[in-house]
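Working notes, structure below.
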Amino acid sequence: MTATASHTRARPLGASEIEHATRIAEPDFDLLDALYRTDDPDDQARLLARVVLSAFDNYYAVSRRIPALAQAAFEARDWPVTVRLSKIRIGLYTACIDQLVPLLKAGLPELTTDEQLWPTAEAELLAAIEGRYEADFAFAFWQSLRRKLVSDEWRPVSYDAGSTARRTTSPAAVLKTTTTTLPITAEVIAGILGDAGFRVPWRDRDGDAALAAQAIETALEPLSPRPGEPVKIEIADAGFFRNRGACLVGRIQLRDRGDMPMRNLPLLIALLNEKDGLVVDAVLTDSDELQYAFSSTLANYHATNPRYHELARLLYELMPKRPLGTQYSCIGFHHLGKVAVMSEILAEHRKTKERLATAPGFKGTVAIAFTMPSSAYVLKIIRDHPTDDYKFDYFDGLDEVLRKYNLVHEIDRAGSMLDNIIYSNVKLDRAMFAPELLDELLEAGIGTVTLDRGALVFRHLIVQIKLTPLPLYLANASAAESRAAVINLGDCIKNNAAADIFNKDLDGRNYGVSRIRKVYLFDYDAVEPLTSVTVSRDGAAPGEFDNGMVFRPQEMLEGLRIDDPGLRRAFRDAHPELMQADYWEGMQRALRDGKVPKVMNYPASRRLQR
């Protein structure tokens, strides 16, 4: 971000400006022509590497422009543009691959079968990206394009191997440090806010700084601070932008003082841009709360600092309960996160020797879910046909269900839907699977799973963060934990609605509870756009749905299957509007008008009290 601030309202971004800034440049046709014309294998390898690297450079240049555009949209309070930028960014990688693949197939069809050309060309590419920061990302792009052309199996290529190797990443390169003594004063916080360099005015920076300093002082109390004790505040040299909000992220460090070891306190300063200026909306100092704010259930952040390895490492240090791979994904680097997640799953198996077995909870009617006991992830496939317990008259088929999982990946998940990593043509060792699971996969997933000697090959494989299914959680939780979970279930349903997502199968078994006790929707075979659903008022004929598209809010509690009367009452008392047609119709009108409903990304208790 810039280091200066203006006192004028930012100019909205024009449609043509966004179009120009996010347009992918055409492939280098001169290089393509030279590639098509040469018969020399060495020249073909060299030119293929140059063509692909040129396409990657085009992609990477656009992807790095988008965070600055997101900052400009935040400063201009142009919320529809923030949503549009997220959609553009998430589809950019695939669009660039898809732009080049047909040209290579048409001009050099032997690429799909020539087994000698690819290794030689790969060596040329690795030599060309030697020393570049984004070398691993360029190599990921290369592998994605190769799989599209060759229809090869997906494998977690080690992008940190060979000539793309890098030293162990430290977040120090992306941190700005302020050294002071306790107590942390309003003036120190005001300096940090001012150094963020927004180009729009603050409503009351000094007042917000005083409130933030007070919140930080309260959060430090369990660490036994002493007046005058040295303290270091490290803030990422990056703005994080998403939808209506922005945040500054870092940590507070108290040194080892003999009787106390070094102490670290995560820090997130959440910002809003209101009509009368920037405000500090909340201060988060708990790792679990940061994890919720940076959850993969939300839209990705646009981070203005290009050093994605250091940013991901910083986020991992602040939120160690979340695997490193998901830290890449939450700042928009899905393809690096995809590799990291599969590498973590394989490493978990090597370390624990555990086998993949059916996931705890109820048997899925559409999906087969499986996991290892100590793994952080759940893997899924879609059945060829639903089980006999399937609720609806018509099953759209495997490809349509996968389309819905992809849809959820590509939208703002509003803090209440798990992201999906979807792999194609993945091969996993047969020994990783428990015999009962192996039999079920091969019997119920004939169109998806095949046995290839000592391995299972998956046409598709969905990976999600592991949750505890809501009914299983309620069966083992305390009364207070259960009450909090059903209230959070209502928040989840509201947030889904704000993202134009309606789950027509409102069974509580489709929702789960995370390690930080947040409730999320995780099964997507029954999701529909809320704007396409007909909301029925009281007096309609009985039955939850008509042809799967008519929703009767007054029947919501029956659909959720919350059997405990006290929990049903807690849900109804906390969210009475969810049982009323007016609420749902109002949300539909807002979505159709292009409005961006507000979504709460952190506990209301962390908002500054003015």
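Note: Cβ is positioned from N, Cα and C throughout, glycine not excepted.
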Given Swiss-Prot lists Ala359, Pro360, Gly361, Phe362, Lys363, Gly364, Thr365 for ATP, the same-site residue among Lys321, Lys338, Lys380: Lys380
Those residues of the chain, 6+ apart, with a Cβ under 8 Å from that of Lys363 (ATP binding site): Thr387, Asp389
Rounded Cα-Cα span from Asp419 (active site) to Lys380 (ATP binding site), Å: 13
Cβ atoms near Phe362 (ATP binding site) (within 10 Å, other residues, all chains): 15
Sparsest-packed among the binding-site residues, when each Cβ's other Cβ atoms within 10 Å are tallied, from Pro360, Gly361, Gly364: Pro360
DSSP-derived class (H/G/I helix, E/B strand, else coil) of Asp419 (active site): coil
Neighbour count (Cβ, 10 Å) for Thr365 (ATP binding site): 20
Alpha-carbon distance [Asp419 (active site); Ala359 (ATP binding site)] in Å: 18
Pairwise Cα distance maximum in Å, ATP-binding residues per record: Ala359, Pro360, Gly361, Phe362, Lys363, Gly364, Thr365, Lys380: 14
